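*Asks:* Summarising the annotation, TrEMBL assigns compositional bias 'Basic and acidic residues' to 618-667. For 614-667, the entry in TrEMBL reads region 'Disordered'. Residues or ranges marked as transmembrane segment in TrEMBL: 30-47, 53-74, 86-108, 120-141, 162-182, 202-225, 281-299, 319-341, 353-375, 518-538, 550-570, 582-603.
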Amino acid sequence: MCLLLCVQVDVCGYPLSIFFIVVNEFCERFSYYGMRAVLVLYFRYFLKWDDDLATSIYHTFIALCYLTPILGAIVADSWLGKFKTIVYLSIVYTVGQVVMAVSAIHDITDTDRDGTPDNMTFHVAMSMVGLFLIALGTGGIKPCVAAFGGDQFEDHQEKQRSTFFSIFYLSINAGSLLSTVITPILRGQECGIHSQQKCYPLAFGVPAALMVVALIVFIMGSGMYNKTAPKGNIMLEVCKCIGFAIKNRFRHRSKTFPKREHWMDWAHEKYDKLLVAQVKMVLKVLFLYIPLPMFWTLFDQQGSRWTLQATTMDGNFVRTVNPILILALVPIMDSLVYPLIKKCHLNFTPLKRMTVGMLIAALAFVAAALLQLQIDVSIYSIYTHTPPHTHTPPHTHTYSIYTHTPPHTHIHIVYIHIHTHIHPPHTHTYSIYTHTHTHTPPPHTYIVYIHIHTHIHPPTHTYIYGGASCLYSKELGFGSAFTLVIPSTFNIGIPDCWQAIQVVEDIKPNTIHMGWQIPQYFLMTAGEVVFSVTGLEFSYSQAPSNMKSVLQAGWLFTVAVGNIIVLIVAEAAQLPDQWAEYILFASLLAVVCIVFAVMSYFYTYTDPAEIEAQFSQPEHEPEEKKRDRVEMERKDSDCSKSSKGSDKKKRDSVVEQHNQDVKQSKM
């Protein structure tokens, strides 16, 4: 039932309130994934962190985002309710996004106006505060928004509720898709007060603005929402039940106490049998979750290692493949692949699907390793290149240009000034050898401009700057090496003098296009669809009716642990080659996959509704529970070091108390 201020309005059989919830989710997901799309690049090229530190902080942030949902669920169910929790934590979320945008303004500390912040500590501190607030906000509202949307439907609107969750999932992927396209474009712009730099403030500012919109839209629907009051957190109840069972089992570890079928049966003295049975079902599924974090260890490196890999390649390929493939593969799997497997009479159970999904994800990292080998060969050839000229001609100046960026994403200008010195009564001409090399690149394009000037030297050897000039320009492809030769016949005074400059291409530009990442993205997305979607379905089907949120929190927790594993493995392995790290992660997932397959083989599927039905008549349960408690107290008294006489008195007292309890229960 709605509160007094709630006005239930239906449109085509759907509550109008869900419109505000869907729009809120779209804007929030745009805000989150948009910020995340350029986060590792911000670490790498604005804060000037190396690849390892940028990757570590990135995965720490992701892990925190998936740990805070537990806190959000407890606050919503036990204290504030879903609506207030979403509003309050969305405010925290918005503040965090604004702080991130402010932290990326280089002009704040750029006192010498050279385009580089002079107080990097300020920017790092602001970034960490912003990311912490974002993690608290996005994680805290994560378990609340979808459930709050489901609360808007009545019992007879089960079909509409199912459709809502499909639309809700679509809004998530739509927000993710658009943000991963738009935010990198915004970052590619140049902005600044004193100097023009990569526009990280805009890339973070637009997601902040979308979060403001999300908050406003959600509050606008306040009068239409069905706001259920908090009824206590089942997650806390489950934890208390497990804790009591462990404590009680430890207290009665003596052989004088008979063993029980399941260790959770030691909670019967305090908790009813239905709750204990439900906890058993939850623990049975949570046990299967133990190997799952390894999948997320590989999956979330799409935003760190794979993004850094893309910066060493050519092209404009961005991380839009994953959401596009999700939207395409989900219906293909459900409507074509799974029915086809079923027609072949193959028992492709959910746990078998998840096992296959993990194997596919491992293959994705094998593909990433093979691609990395090709990239390394290309870069290695640049560093080991020997120019074709074995000697330096007299009066020759050699200039080296180091391009730190792949082409076609941003233009950075390099100027080289070549001065020809005229010494009366004779003139010398000079040759120039310009070699371009590349290092690990941020996304820029370098165009070299060469100015050739003449300087007249009178007999006094003082410089008189003047005369003619010649401008030569050439776009440098990433990975290229070439030589520019100014011949002795070069005449600086004629029009189109630059045409006389000879270009010798020593090494061709890197031709490995970012599109070659598509196979690994396809494999990873296919693994995600088979693993993640099936895992959620499996968890839902095996969870008791009132503990689905517990398993949802457990599922999100595996994502957090997976990101923590990235930090541990990357720091512990310290592999010199990136391709070797990819192979290491693929091997670890393959081993874990085998372990999960063995665990799945011994798993027995259950029907929670059927088990719960066995406890649908609990009228005799209180008396049974008291009888168990009396028996346990009697055995405790037997094990005490009291005298036999005192033991008898205690037993008599216990029995008498039990009889009184039974009488009171019958009254």
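Cβ coordinates come from backbone N, Cα and C, glycine included.
Automated prediction, rather than curation, is the source of TrEMBL annotations.
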*Asks:* Might you confirm whether the transmembrane segment (162-182) is in contact with the transmembrane segment (582-603), defined here as three or more C-beta pairs under 8 A between residues 6 or more apart in sequence?
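*Replies:* In this chain the transmembrane segment (582-603) does not contact the transmembrane segment (162-182) - fewer than 3 Cβ pairs sit under 8 Å.
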*Asks:* Looking only at residues six or more beyond either end of the transmembrane segment (281-299), which have a C-beta under 8 A from one in the stretch?
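*Replies:* Residues packing against the transmembrane segment (281-299) from afar: 238, 242, 264, 351, 357-358, 361-362, 364-365, 524, 527-528, 531, 535, 538-539, 542-544, 547, 550-551, 554-555, 557-559, 561-566, 569, 585-586, 588-589, 592-593, 595-596, 599-600, 603, 606, 608, 611.
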*Asks:* Which sequence positions outside the transmembrane segment (162-182), separated from its termini by at least 6 residues, show Cβ-Cβ distances below 8 Å to it?
*Replies:* 14, 18, 21-23, 25-34, 37, 146, 149-150, 153, 206-207, 318-320, 322-324, 326-327
*Asks:* Let me spell it out: take the transmembrane segment (53-74), skip the flanking residues so only those 6+ beyond its ends count, and list any with a Cβ under 8 Å from a Cβ in it.
*Replies:* 39-40, 43-44, 47, 85, 89, 131-132, 134-136, 138-144, 233, 235-236, 300-301, 303-305, 308, 549, 553, 556-557, 559-564, 566-567, 570-571
*Asks:* Looking at 30-47, 202-225, 550-570, which one has the highest count of Cβ pairs under 8 angstroms to the transmembrane segment (120-141)?
*Replies:* 30-47
*Asks:* Given the cut-off of 8 Å on Cβ pairs that are 6 or more apart in sequence, determine whether the transmembrane segment (518-538) and the transmembrane segment (319-341) share at least 3 such pairs.
*Replies:* yes
*Asks:* By Cβ distance under 8 Å, which residues at least 6 away from the ends of the transmembrane segment (319-341) in the same chain are close to it?
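*Replies:* The answer is 37, 170, 173-174, 176-177, 180-181, 302-303, 306-307, 310, 348, 517-518, 521-522, 524-526, 528-530, 533.
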*Asks:* Are there residues at least six beyond either end of the transmembrane segment (353-375) with Cβ under 8 Å to its Cβ atoms? List them, or say none.
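*Replies:* Contacts with the transmembrane segment (353-375): 294-295, 298-299, 305-306, 309, 312-313, 512, 516-517, 519-521, 523-524, 526-532, 534-535, 538, 577-580, 582-583, 585-587, 589-590, 592-593, 596-597, 600.
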